[in-house]
Amino acid sequence: MKKLSRTISGVTPVAVMTKPLPCPGKCIYCPTFAATPQSYTPESPAVLRAKSCEYQAYKQVALRLRIIQDMGHPTDKVELIIMGGTFLSADITYQYGFIKDCYDALNGVVAGSLEEAKTINETAQHRCVGLCIETRPDICGKAEIQRMIDFGTTRVELGVQMLDDDIYKLVERGHRVSDVAEATCLLREYGLKVHYHWMPGLPGSSPEKDLALSRMVFEDPRFCPDGLKLYPTMVVEGTILEQWWKEGRYTPYPNGTMTGLIADIKALVPPYVRISRVLRDIPAVFISAGLKDSLRDGVRQILESRHQKCRCIRCREYGHRQRKGQTSGEPTLRRLDYPASGGKEIFLSFEDASDTLYGLLRLRIPCASLPVLGQKYGAKTGLVRELHVYGTELSLGEQGDQSAQHRGLGRKLLAEAECLARDEFGLDSLAILSGVGAREYYRSLGYELVAGYMCKHLD
């Protein structure tokens, strides 16, 4: 049966799980099970799929493609999501081999190297237009970022949890708030999208503190992530936190309190942010205390009762609103500027009068040049960190009356970004850290490949 929401945001997500690996963290809330990747539980859907494939990346990707195609979805534009503990702390040879196997599965042919696999994927039937990696803020330095660029990464999810050093110390997180700020800045300056994992309800916090920190994350320019995964704290079987709960040292928020808090957070999120999840996908049998059921309906009801709306990207996407039967109008170009990590972010979007979001572009005016681009593009270069047109995914070259894709909105957004970079900010070039499978699109618009980036001089 075709699940409409699977490709409704314009791409096909394919989750791939690494083999069980040791994690440098010792967080008291993190589940640890034998023969299961760190932070996951044995019966989670992604874990069960990975186990059936012996945690081999090639088998996992091939299986997911076959299942998604059998469900009637296009698989031309794929976003790979690498899951399973802290991948970047694993053996480096394993990392490169794992990513290569993902591309080989998309390509249907085994390449001689990762670079060859990426080149093949530029024109393959199943193109990787996005690649996401999860990591810790303290395992996100320049060396790790360069490795991610080698992989073709476009989005990084940081395990931030909550921006408070006292909480970090209490839960044995192993890093500081300053590490979050530094990692966020580096990721932005290299042109990557930055999402945070956000955990209200941790030991040492309170609903009031969680809300204040949630407000701060968007008011403090050191942070301002592009997206959030809201993961209310759960007491999971076998964790140190479960022992604290049994001893009375920790009590999770009542369900109503947590649902109200999530509604408060959603109400304050800026329109440039995408909230992709509001609860971790952990089977209820492994949850000793805390929320076990989806929050979306309860949160929506609270917001409606307050006459409030969540303005996040997911709630405003063309495809999601179309599925709900909402009428869409004619999109017009909008612009939102905000400071972040020492530079300037310009959020361009096509939206209608009801704020329905058809497409977006994130333009960064960086605070420093990128040496990896060399003399030709290194100085006075702006960064396009994301270009995305929403609506039900269409196959390459396909047209559809009910989709926002393939109407030229992406080209218009990019043309506007080029004009702004040149005329308003005096930049002479743009660089885009695009997915490998999107490179041909940018080549058609005059961009060339330089050190993993698609670059163009602005005449």
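Glycine is no exception: its Cβ is also placed from the backbone N, Cα and C atoms.
Database features, via Swiss-Prot:
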- 1-278: region 'Radical S-adenosyl-L-methionine (rSAM)' (REGION)
- 6-271: domain 'Radical SAM core' (DOMAIN)
- Cys23, Cys27, Cys30: [4Fe-4S] cluster binding site (BINDING)
- Lys77, Glu386, Leu387, His388, Val389, Leu409, Gly410, Arg411, Tyr442: acetyl-CoA binding site (BINDING)
- 308-459: region 'N-acetyltransferase' (REGION)
- Cys310, Cys312, Cys315: Zn(2+) binding site (BINDING)
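Within 8 A of the CB centroid of the [4Fe-4S] cluster site residues Cys23, Cys27, Cys30, the other residues of that chain are Gly25, Lys26, Tyr29, Thr32, Gln38, Ser39, Gly85. Pairwise Cα distances among Lys77, Glu386, Leu387, His388, Val389, Leu409, Gly410, Arg411, Tyr442, which the record gives as the binders of acetyl-CoA, peak at 17 Å. The Zn(2+) site, placed at the center of the C-beta atoms of Cys310, Cys312, Cys315, has further neighbours from the same chain whose C-beta lies within 8 angstroms: Lys266, Val269, Ile275, Lys309, Arg311, Ile313, Arg314, Arg316.
Packing around Gly410 (acetyl-CoA binding site) is summarised by its Cβ count: 21 other Cβ atoms lie within 10 angstroms of its Cβ, all protein chains included. Taking a C-beta cut-off of under 8 Å and a sequence gap of six or more, Tyr442 (acetyl-CoA binding site) has these contacts in its own chain: Ile432, Ser434, Met454, Lys456. The two recorded residues, Val389 (acetyl-CoA binding site) and Cys315 (Zn(2+) binding site), show a Cα separation of 15 Å. Sequence-distant neighbours of Leu387 (acetyl-CoA binding site) (same chain, 6+ residues apart, CB-CB distance under 8 A): Gly359, Leu360, Leu361, Arg362, Gly410, Leu413, Leu414, Ile432, Ser434. Rounded to a whole value, the Cα-Cα separation of Cys315 (Zn(2+) binding site) and Cys23 ([4Fe-4S] cluster binding site) is 34 Å. Across the structure, Cys310 (Zn(2+) binding site) and Cys27 ([4Fe-4S] cluster binding site) place their CA atoms 31 angstrom apart. Cα of Cys312 (Zn(2+) binding site) to Cα of Lys77 (acetyl-CoA binding site): a distance of 23 Å.
Note: the CA-CA distance between Cys27 ([4Fe-4S] cluster binding site) and Lys77 (acetyl-CoA binding site) rounds to 36 Å. Of the recorded residues, Lys77 (acetyl-CoA binding site) and Cys30 ([4Fe-4S] cluster binding site) place their C-alpha atoms 33 Å from one another. Shown in sequence order, Cys30, Gln38, Ser39, Gly85, Thr86, Ser89 are the residues of the chain, 6+ apart in sequence, with a C-beta less than 8 angstroms from the C-beta of Cys23 ([4Fe-4S] cluster binding site). Lys77 (acetyl-CoA binding site) carries a strand DSSP state (E or B).
For Cys315 (Zn(2+) binding site), the number of other Cβ atoms no farther than 10 Å from its own Cβ, over all displayed protein chains, is 20. Taken together, the residues of the region 'Radical S-adenosyl-L-methionine (rSAM)' (1-278) have an average pLDDT of 94.
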